[in-house]
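**Q** Below is one structure. I have some questions about it.
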Amino acid sequence: MGCCKVPALIQAQVEMGLVNDVEHKSLFRRDTDSPERKAASLMEQGSLSASFRECSTKTPNNSVLQSFKIVILSNKLNLLLPFGPLAILLHYLTDNKGWIFLLSLVGITPLAERLGYATEQLACYTGSTVGGLLNATFGNVTELIISIFALKSGMIRVVQLTLLGSILSNMLLVLGCAFFCGGLVFSQKEQVFDKGNAVVNSGLLLMAVMGLLFPAVLHYTHSEVHAGSSELALSRFSSCIMLVAYAAYLFFQLKSQPSSYTPLTEETNQNEETSDDDEDPEISKWEAIIWLSILTAWVSLLSGYLVDAIEGASVSWKIPISFISVILLPIVGNAAEHAGAIMFAMKDKLDLSLGVAIGSSIQISMFAVPFCVVIGWMMGAQMDLNFQLFETATLFITVIVVAFFLQEGTSNYFKGLMLILCYLIVAASFFVHEDPHQDDI
């Protein structure tokens, strides 16, 4: 229910988890776009949050019970909420870390989706700039909270692998499923999306890979001026540069050229004018703030139990921690968002699907990763951008493969199948990969 006319390039992970009301999403395109296009052309979707919808100025006056019903009882995904308290209960009643980890992970899933909803509601009252920044902050708040707890526990590799897994999952699994399902629904034609935007987004991902590549190369070529410290210093410097670049990127989208884009709803007839319907926010400003605080606190609480149970779950299930961090955490933690991307593709709105998949990858790689390095710096943790050779090579190859699939501006179910199969190869690789830095976990 976002309300502000924020330009595209605003696509947060959790917002696309609003599966039950995706029909109301606003689409954005250049004013000069051809009116024949049914799928919205979203220029450079990706870094902040999804497109905001138009909201009216009407402020709801809900009771506490009404607010609870709207936020908690209106979404079927919230049926998973009881798994969180159950995980906490098991923590004190049993030593089975495998079950504690699984229940914590499932319990966090609906919280991530509701965080996106509360952020949308608050954005109705803040204006486009603040609304965009809110979504930049809360877009991947679940991953950030888990990462901060892992940093506090000294589990630097878990932080690196979890963030890497989110990027890989979005680029291969989410995008692949969207292409595959959309291709099956529209099997008689090739679905199209904005080729120019996809190329720009691919370039941004390559920039992020560059930031991760040089520390790894410096480490494995043994060419550091000061062994051990040069790699960390380069990582911290590069992280600051990436954050500055990301901030400039947001400023350009939110301030410099917001008038270059106009909201657009799906066209029912090529000769008809499109229009946007104002929508009333469902909760008030203070309700949104309170719910954001409650949900963030609840995610933080569950994240502590989740991180604490990772090692035990690895031993209990006889699964490498790297596989849990790279594969299981992103898949389950972003389940609602994945469903949203698939639904958009099945409605022939591939630009939005790309915003979820590629956009979230950009946000994590250009914001979440360097942010964690800076936070680790402040905490005295030696978190760096050296994700090790195997992991960095995997990310680099993935970006190249995805860029190759996006270069034509079309998709079909076969391309989607290829991306899914690529993800299975990556998953199998991490299952048999022995992390040489296991002690850092």
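Backbone N, Cα and C atoms are what each Cβ position is placed from, and that goes for glycine too.
This is the feature table in Swiss-Prot:
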- 2-69: topological domain 'Cytoplasmic' (TOPO_DOM)
- G2: N-myristoyl glycine (LIPID)
- C3: S-palmitoyl cysteine (LIPID)
- C4: S-palmitoyl cysteine (LIPID)
- 70-90: transmembrane segment (TRANSMEM)
- 91-97: topological domain 'Extracellular' (TOPO_DOM)
- 98-118: transmembrane segment (TRANSMEM)
- 119-129: topological domain 'Cytoplasmic' (TOPO_DOM)
- 130-150: transmembrane segment (TRANSMEM)
- 139-174: region 'Cation selection' (REGION)
- 151-165: topological domain 'Extracellular' (TOPO_DOM)
- 166-186: transmembrane segment (TRANSMEM)
- 187-197: topological domain 'Cytoplasmic' (TOPO_DOM)
- 198-218: transmembrane segment (TRANSMEM)
- 219-231: topological domain 'Extracellular' (TOPO_DOM)
- 232-252: transmembrane segment (TRANSMEM)
- 253-286: topological domain 'Cytoplasmic' (TOPO_DOM)
- 287-307: transmembrane segment (TRANSMEM)
- 308-311: topological domain 'Extracellular' (TOPO_DOM)
- 312-332: transmembrane segment (TRANSMEM)
- 333-354: topological domain 'Cytoplasmic' (TOPO_DOM)
- 333-368: region 'Cation selection' (REGION)
- 355-375: transmembrane segment (TRANSMEM)
- 376-384: topological domain 'Extracellular' (TOPO_DOM)
- 385-405: transmembrane segment (TRANSMEM)
- 406-412: topological domain 'Cytoplasmic' (TOPO_DOM)
- 413-433: transmembrane segment (TRANSMEM)
- 434-441: topological domain 'Extracellular' (TOPO_DOM)
**Q** Hey, does the transmembrane segment (287-307) touch the transmembrane segment (98-118), meaning at least 3 C-beta pairs closer than 8 angstroms, sequence gap 6 or more?
**A** yes
**Q** Kindly report the helix/strand/coil residue split of the region 'Cation selection' (333-368) according to DSSP, in that order.
**A** 32 helix, 0 strand, 4 coil
**Q** Looking at the transmembrane segment (232-252) and the transmembrane segment (198-218), are there 3+ C-beta pairs under 8 A, with each pair at least 6 apart in sequence?
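**A** Stretch pair touches.
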**Q** The topological domain 'Extracellular' (308-311): mean pLDDT?
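**A** Computed over the topological domain 'Extracellular' (308-311), the mean pLDDT is 89 on the 0 to 100 scale.
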